[in-house]
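Below is one structure; the comments refer to it alone.
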Amino acid sequence: MPHTIKKMSLIGLILMIFTSVFGFANSPSAYYLMGYSAIPFYIFSALLFFIPFALMMAEMGAAYRKEEGGIYSWMNNSVGPRFAFIGTFMWFSSYIIWMVSTSAKVWVPFSTFLYGSDMTQHWRIAGLEPTQVVGLLAVAWMILVTVVASKGINKIARITAVGGIAVMCLNLVLLLVSITILLLNGGHFAQDINFLASPNPGYQSGLAMLSFVVFAIFAYGGIEAVGGLVDKTENPEKNFAKGIVFAAIVISIGYSLAIFLWGVSTNWQQVLSNGSVNLGNITYVLMKSLGMTLGNALHLSPEASLSLGVWFARITGLSMFLAYTGAFFTLCYSPLKAIIQGTPKALWPEPMTRLNAMGMPSIAMWMQCGLVTVFILLVSFGGGTASAFFNKLTLMANVSMTLPYLFLALAFPFFKARQDLDRPFVIFKTHLSAMIATVVVVLVVTFANVFTIIQPVVEAGDWDSTLWMIGGPVFFSLLAMAIYQNYCSRVAKNPQWAVE
């Protein structure tokens, strides 16, 4: 008799989706870029991207629940191996860009924890500019993570848990402190409520506002992993759709509420119009403002209010540093494992698929470390201020993260056309509904990326930013095609490799 695995309840599923998708740092970024006008964009992205895409992934995950290759298997069985590999490689490469971005950003919370504010823009060593110093620290961080992770990731599981709990507590702090400030200030908001216009001078045009959609989509990132939870859920034919829709509503409300609450304590013009504020430190700037506003509402002295704000920023810095650390150790290994161990072995040179004594693909991990290091040095020594550096990396990560969604969405109609699959969970019962969902998701993701990429050129003639945003995804797409073509050539000469 087979061993019975305990299934997840509906509540457990909802919590799992919430923890996987919801990120504390997303609402501060949204408030900085768009103010209250970010809220309609977050709701729009949930309705036209998050919910339909999650349901599509749920269907594919249920039908391919016995496959070990994750999204590679889904696309391979639906469309074909070449399409699947390029799509999966883009998914993997988005995490390469994420590592390039985050290895630099991780020093912002560390600096905030030590000094009470972001001092990374003032770090100068041996004649190097701050951007270059942060770049070298990012390289050191990447090497350290690879050394530790290649010996097994079990040691950092506790840090990941602590970081996750700390960030969840930050959401609670934002809610309770904001309510307290509202009560003490007689319901007065620091920011005037306006859902139609952004207070940010850089986000006044229609083109710039449309490009913000990519930030909203990024906030819902990671939903492709939800499909893998179908077989672990009680009564998936009923509970899975309920769980996804309910979680999506809660997450949508949660993001919108968080953006709304930032306006309780922070006036955009007074606090965020400063040139030193950027997407890398906005979370800590807002948390410091939250603490200072609480101090003022409690009629503390200016010095005490400032001190309270600094401690809010420091606690946030520590929490975010722990969260980044846990995420970094996990994500430097998990996507690489999928692309190396989920795809045919003949795709890769033999050493890359070799596992060390700890069961880790250490050679591939060091090759990944080298690639990330090259990107870090290229960006950090390419000129520009620290503020532009962080903003550029964030945009690169957003574009790269959302491109793999196109591959998964485009594979969905092919998946629906197959007649030989056991489908325990079906939400799109007609060909028309499946096509509508596919078209809507593809259009939303495509337009978001196109608008984001062309906006710097159209508004400021800034070809540099546009080329950086395009460069990462294009490079990895070409690399994927080259790797797959090499695989085809090797299999043609040695057909037995195709079945390995």
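Each position is counted from 1, following the chain as shown.
Glycine residues also receive a Cβ, built from the backbone N, Cα and C atoms like all the rest.
On a predicted model such as this, the values are computed, not experimentally measured, just so you know.
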From the topological domains that Swiss-Prot annotates, would Gly35 and Tyr484 count as being on the same side of the membrane? no
At a Cβ cut-off of 8 Å, and with pairs 6 or more apart in sequence only, do we get at least 3 pairs between the transmembrane segment (395-415) and the transmembrane segment (434-454), yes or no? yes
Between 38-58, 83-103, 244-264, 320-340, 463-483, who has the most Cβ pairs under 8 Å to the transmembrane segment (133-153)? 320-340
Please compute the mean pLDDT of the model over the topological domain 'Periplasmic' (29-37). 92
Does the transmembrane segment (434-454) reach the transmembrane segment (38-58), going by 3 or more CB pairs under 8 Å (6 or more apart in sequence)? yes
